[in-house]
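Student: Pasting in a structure now, in structure tokens, and then I'll have a few things to ask.
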């Protein structure tokens, strides 16, 4: 109530009503406490008085808070304008959401294109790698005698061994 007292909108500026509700509850508590102490010897009467005070203070609070709002709605017909405001706000919210949705869909399509390009590039590179591996395996299978000669054997001299055509990682570097 204290924070909303300076708000100019009448619909939410109910600090006076909240103050009155607090005041009514406090007054009823100040009346109820001494009376229940006086009636402590009669438990049924004390219980009945305390429960009636609680119910009465609750109803007073509800009446003080909501009757002025209901009266304002009924006399001024503000519930119709609130529905129209809600519909207007909802449509602007829907427009904002639709715009955000369109932007996200556009960004999603762009990202899908980028992903498709990257996947295509990956498949091309895999194909190149597979071609190179097939080429290496063909060269190895076509020259089995050379691979056997490329290994260092103590019985052969370095002059009789044919030179290796290219670097082969499974063979030793030094002869």
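Quick reminder: no glycine exception, Cβ is built from N, Cα and C everywhere.
Automatic, uncurated: that is what TrEMBL annotation is.
Annotations for this protein, taken from TrEMBL, read as follows:
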type	residues	note
COMPBIAS	78-93	compositional bias 'Polar residues'
DOMAIN	1-89	domain 'G-protein coupled receptors family 3 profile'
REGION	78-105	region 'Disordered'
REGION	125-175	region 'Disordered'
TRANSMEM	21-39	transmembrane segment
TRANSMEM	45-67	transmembrane segment
Student: Who are the chain neighbours of the transmembrane segment (21-39) in space, where the CB to CB distance is under 8 Å and they lie at least 6 residues beyond its ends?
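Tutor: Here the qualifying positions are 1, 45-46, 49-50, 53, 56-57, 60-61, 64-65.
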Student: Any idea what the model's mean pLDDT is for the domain 'G-protein coupled receptors family 3 profile' (1-89)?
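Tutor: For the domain 'G-protein coupled receptors family 3 profile' (1-89), the model's average pLDDT rounds to 81.
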